[in-house]
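A.B. asks: Okay, these came from Swiss-Prot:
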| type | residues | note |
| --- | --- | --- |
| MOTIF | 22-32 | motif ''HIGH' region' |
| BINDING | 153, 156, 166, 169 | Zn(2+) binding site |
| MOTIF | 337-341 | motif ''KMSKS' region' |
| BINDING | 340 | ATP binding site |
| REGION | 547-573 | region 'Disordered' |
| DOMAIN | 584-686 | domain 'tRNA-binding' |
């Protein structure tokens, strides 16, 4: 649901915001941080505008993985989650992520609310009991989830594959289909064993989910994806057998709530804890008739839980559903999946040991949009953009003019030299607010930096450093520099959701109270400021390289209990930049093709269907993942490069007969490679 920025009024909006709960079995890394920084920026914007916006989160503290991790570390699960929670809170605080309440799912509030949601759904007839067969570890005396079973893929015969899908060939299967399965917990051969489990009757909510997923509460890409699930809704297993770290289900001794039942209820529990402390009404936000706004920020990997199970469970329990769920993509580094061997699997603490959190907050903001596209952290671009935008543009305004104000008495003039420039910056405020509201942070940053460019051009044209040497020009210099400081102040207000610490330093320099969005309507005239001190240092690529090196060193060597699987061997080869022979390269046949027709693909988030004219080779049908970057009408008539001898691939939407070459990390940052004019369809690319 997209909401236009609401004009500031005397009646603030009541907003509750959550981020997905980080799992309490390991440290925060940069892939996690994208979501928390995105959410924090949006929340800070709302608060800066005077809204009553509450941001809660918690550690996801239950499950088999935490129980086993605690056992591995020689501590109790309670000790394990307490230490991890402290580490998480420290990392979030140092990245300036400001929760109103940070809690744990292992809490009395979460137990009570989980039992309430379960019992209400049970009373309404939405809980089933079914006897099923599962794999069981006879050595550990426990049932095994799919991801705790490994073996040889039944399709491609790759070893050491998980019990639900093969990472080498992509095949999906059941754990029972694995060849030579073994428990990744003990190494024992699992056996099949019957067990009676509890299920949430999700198919009963099909009509509700069809309506709700198309109500505007989800991004279009997410809503389209969830339709695939809705076509085949199945009862959802919500119980696990002992031994298990979590909450035992009342009336079912030895059975525990599955972590994905009590984890989202953790949002409610953290808010309940906040309400008890602050004297707020829980029902005002979660009751069926609540008029408060409720937003969940999540990653695209958990949209099924939040977009299907969660609203259905809430409805079954007589509670309200979210106003909207905002999903984001995965983080890549330098165009590739985060890699421990390359040092790009960067922990939050390792980053903080080398670089300012403000750099990452700004870079995330500068590239984030409201879409679900993956996010590439290109480290060279990261350094260049921070240095250019923040140091070279924003801070430069104050550094070039602040000391001239001090030189001529330290007080800003009562009249400005260029009111047209100042009004231009003020009038941009509503547009920037609208971008923030719609999570189009990248557009907001581009607008702000364009204004900073205008200010720097103005300063360069006026050259106060030259005028200051001329006798009798003091008041003119002061008016020029006062104009620049007023523009700087406005830009700081607009950037405050992204850079709260820099804003605080700027407020100290300007000697003003903490700025709010409403302050953008006023000017700073006849006001004394402090001596300018550097507000931000430049990114040094040596710091970045040192961070990457430390990320490599901090990665423990993998256990050698099993031979390397095929996927790992392939990854190692890629890490070593393995070369190929010219004969290998010549096997790939590249041809010039012209896009005869381009069209959207119904039900596909990323694909366009291209009909390509390949000269004497005839026409080819190709599905290309370029929808985020190109409209169909932009492509028709365009020359492209086609991999012409790629085996046809059967896809859900049809047969793809080749691949179009493109550059870039993906999403809306992708660029089709196009031959020079003169090339003709069918020509071979050499």
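Glycine is no exception: its Cβ is also placed from the backbone N, Cα and C atoms.
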A.B. asks: For the domain 'tRNA-binding' (584-686), what are the DSSP-based totals of helix, strand and coil residues?
C.D. replies: 10 helix, 49 strand, 44 coil
A.B. asks: Which residues, given as numbers and ranges, are at least 6 beyond the ends of the motif ''HIGH' region' (22-32) yet have a Cβ under 8 Å from it?
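C.D. replies: Same-chain contacts beyond the ends: 57, 59-61, 63, 65-66, 69, 80-81, 84-85, 87-88, 91-92, 104, 330-331, 333, 338, 345-349, 351, 360, 377.
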A.B. asks: As a test of reading the model: what is the averaged pLDDT for the domain 'tRNA-binding' (584-686)?
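C.D. replies: That region's mean pLDDT is 85.
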A.B. asks: For the C-alpha pair, I'd like the distance in angstrom between residue 156 (Zn(2+) binding site) and residue 340 (ATP binding site), rounded off.
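C.D. replies: About 26 Å separate the Cα atoms of these two residues.
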A.B. asks: Rounded to an integer, what is the Cα-Cα distance in Å between residue 166 (Zn(2+) binding site) and residue 340 (ATP binding site)?
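C.D. replies: Counting only the Cα atoms, the answer is 21 Å.
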A.B. asks: For the motif ''KMSKS' region' (337-341), what are the DSSP-based totals of helix, strand and coil residues?
C.D. replies: 0 helix, 1 strand, 4 coil
A.B. asks: Identify, among the binding-site residues 153, 169, the residue whose Cβ has the fewest other Cβ atoms within 10 Å in this structure.
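C.D. replies: Fewest other Cβ atoms within 10 Å, among the binding-site residues 153, 169, is found for 169.
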A.B. asks: Just to verify: the residue among 156, 166 with the fewest other Cβ atoms within 10 Å, which of the binding-site residues is it?
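C.D. replies: Sparsest of the binding-site residues 156, 166 by Cβ contacts within 10 Å: 156.
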A.B. asks: What Cα-Cα separation, expressed in whole Å, is found between residue 153 (Zn(2+) binding site) and residue 340 (ATP binding site)?
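C.D. replies: Spelling it out, the Cα of residue 153 (Zn(2+) binding site) and the Cα of residue 340 (ATP binding site) are 25 Å apart.
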A.B. asks: How far is it from residue 340 (ATP binding site) to residue 169 (Zn(2+) binding site), counting Cα to Cα, in Å?
C.D. replies: 22
A.B. asks: Take the Cβ of residue 340 (ATP binding site) and count every other Cβ within 10 Å, whichever protein chain it belongs to.
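C.D. replies: Taking every protein chain into account, the count is 15.
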A.B. asks: Looking only at DSSP and grouping its letters into three states, which state does residue 156 (Zn(2+) binding site) belong to?
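C.D. replies: Assignment for residue 156 (Zn(2+) binding site) reads coil.
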